[in-house]
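I have placed the structure first, in the form of structure tokens, so that the comments after it can refer back to it.
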Amino acid sequence: MSNASLPPNAPMMNGTVPNRHGEADVPSSSLEHVCAQLHSQVHSFLAASPSDDVTRRTQEQTKIALGVIEQALADYDRFESLSLSYNGGKDCLVLLILYLAVLHSHFTRIVKTEPDRQDGSSPTVTFPTSIPSIYAKPPDPFPAVSDFVEYSARLYHLDLAHISTNPGPSKKERSHSNPTITKPYPRVEPNTNPNDGVDGVGHHSISISKPIVSFRDAFELYLSSHPSVRAIFVGTRRTDPHGAHLTHFDPTDHNWPPFMRVHPVIDWHLSEIWCFLRSPLLKDLETGGPLRYCPMYDEGYTSLGGVNDTLKNPKLKARDENGHEYYRPAFEMTEDEGERLGRE
């Protein structure tokens, strides 16, 4: 796919998205305030009377996912033990919103149950200021995806480690849902250059002394530089490659670096993902308008990868009354079958 075929910066259906998301675009609210807002929105969604079966099912899946996240927070009592895999896609955006909503109730409950400190000293438990997270990105990310990842990382206070896969992973190594791999992962060493680190926009990149060749290597590098992480929330769904037999909690295997994969949205269907993201009860925290998601979904893309392996979904191709070809938005595809037809 050439650069000429990249999606244009045009008005989108999920709110007004500027061409570049600068700091002025993002509210200065603390993570604690952001979590409180999302907690309120999610529970308003759950409290609403369902208008159809899709909404009812989405509410049920939301409750299950919240329970899985709460269980992970209980199992790993140190917040630093948990991280989030985030790439700006629709599934991990649902996961991120639910995770932040649970953090509000989780830390509020802990603070309330903590004994009063008679000496006036600070509480032992404080609300986190950022979310440990990893972005294992393709070697050729779309500019629109990169912009949305940057925007949402700022908005939702992600401490996001960007780690590129280079060269692109083979089909057997595309997902951290653990394909069968028998060769050991190559050892990768962090660059110790003191100038590396936070890149000035709230994220950080991890430099390496040799190329990352797969998602597996990217996670090995991330864990080597974040040794406290023991579990990672992943937005994998049942219909994704290698997702058919996953559960809510699955330890890595097949020579992957050891960590627990937590899959809160594993049983969500495509219609439920879009029902949640497009609910009028979920709002953009900056404007109060519709919740923002990556604008490429409104241009006919249904599954986002890199420039060289992602196309508009042919099932969404249509013609207007003048015979001009266009692509319908991704949310008009409600069946799981065909969701990945735009991936090569």
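Glycine is treated like the rest: Cβ placed from N, Cα and C.
Among the ranges 1-26, 27-52, 287-312, the stretch that TrEMBL annotates as region 'Disordered' is 1-26.
Computed over the domain 'Phosphoadenosine phosphosulphate reductase' (82-311), the whole-number mean pLDDT of the model equals 83.
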